[in-house]
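Novice: This is the structure I want to talk about, given as structure tokens.
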Amino acid sequence: MQTPSQEEVRRAVAAARTVVVKVGSSSLTQPSGHLDVDKLNALVGAIAQVRMLGGNIVLVSSGAIAAGFGPLGFESRPTDVATQQATASVGQGLLMAQYEMAFGRYGIRVGQLLITAEDTMQPRQYRNARRTMAKLLELGVVPIVNENDALASNEIRFGDNDRLSALIANMVRADALILLTDVDALYTAPPSEPGSHRIGFVPNITELLDQVRVGGSESGVGTGGMVTKLEAARMAAVSGIPAVLTAARNAGPALMGDEVGTAFAPVKQRGSARRLWIKFAAHPRGVLVADSGAAKAVRGGRASLLAAGVLESRGDFAAGDPVWIDDEAGNHLARGLAGYDSEEIPNMLGRNTAQLRRLLGEEYAHPLVHRDNLVLV
């Protein structure tokens, strides 16, 4: 597809029928880390304007821990996982109560969805979440999504809501993604450094790291940082969804298509949610090591991974689980969904289709990873 101009991207955002808005905890809190109701109300006001004009909004909101640690008597955000999860359990209800009150002033109902990374890794849970959000939007409700901090394991979690928001944008077939943070745009260097300047438009985010040096977040509240926001924008771009990154105070102008923050152009036509899920959300459970011939075929695109070209299988996984496909040097080539359990694969390695059919039966004469379930990385 031809890369759209900044003006075209901004117009597309303004005309978007469905928008996902992500706001981080640092944009909803006071310097002390406690929830700032005034900031929350201002954000809701901007969203309500779009909603009252007939647009659909999905709000991906952090802030459960920030809302909970004050009422529990903590002076600062807890650092150990168990206390964070307990605090999130208390804070999520308080956060939703504030949102319900704020949106209620505009006659808008809200619905809560708490999602873990594992929910996006399992096709059934993914479909259920997509179906629920579609129905909420059909009913005129604003879904408010957050990672389920109270249940998410430390090993498998988003750790921020940036990437989650991009997955949600693809899930609901959004027309735009707005990433709200505590800085007003992407800069060529940390904004505090001399000579740093704002980047108003990124036509191809895959080339971004050649022109931008990203510093760490200056916020002491959020856990995302700029890197995960860029990853979210990249996920949106490769899904065919334009994105805007800006400060929460600019939410209204960003939604209206004004030239605030940094706009990211989509880099390809909208792809399938399934392929985005495989590429970004699925957590690989194992590794299949391809020989040089198979690696070349995989790199060429649209080739299935056959047992004849696989040297080794590592990990414990079931058929349908996501796996890495590596070359012999250990480089990741692709992600895919395994066609067989890890226990079945060793007997298949190095055998062509005719041999597999003769020795093991027809049910083993299929690719280890079918090309429809394989995505290059």
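Glycine residues also receive a Cβ, built from the backbone N, Cα and C atoms like all the rest.
Pulled the feature table from Swiss-Prot, pasting it below:
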- Lys22, Thr181, Asp182, Thr223, Gly224, Gly225, Met226, Val227, Thr228, Lys229: ATP binding site (BINDING)
- Ser62, Asp149, Asn161: substrate binding site (BINDING)
- 285-363: domain 'PUA' (DOMAIN)
Novice: Among the binding-site residues listed here, Ser62, Asn161, Thr228, whose Cβ has the fewest other Cβ atoms inside 10 Å?
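Specialist: Lowest Cβ count within 10 Å among the binding-site residues (Ser62, Asn161, Thr228) is Thr228.
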Novice: Does DSSP give Lys22 (ATP binding site) helix, strand or coil?
Specialist: strand
Novice: Where does Ser62 (substrate binding site) sit by DSSP, helix, strand or coil?
Specialist: coil
Novice: How long is the line from the C-alpha of Met226 (ATP binding site) to the C-alpha of Asn161 (substrate binding site), rounded to the nearest angstrom?
Specialist: 12
Novice: Quick one: pull the CA-CA distance for Asp182 (ATP binding site) versus Ser62 (substrate binding site), whole Å only.
Specialist: 13
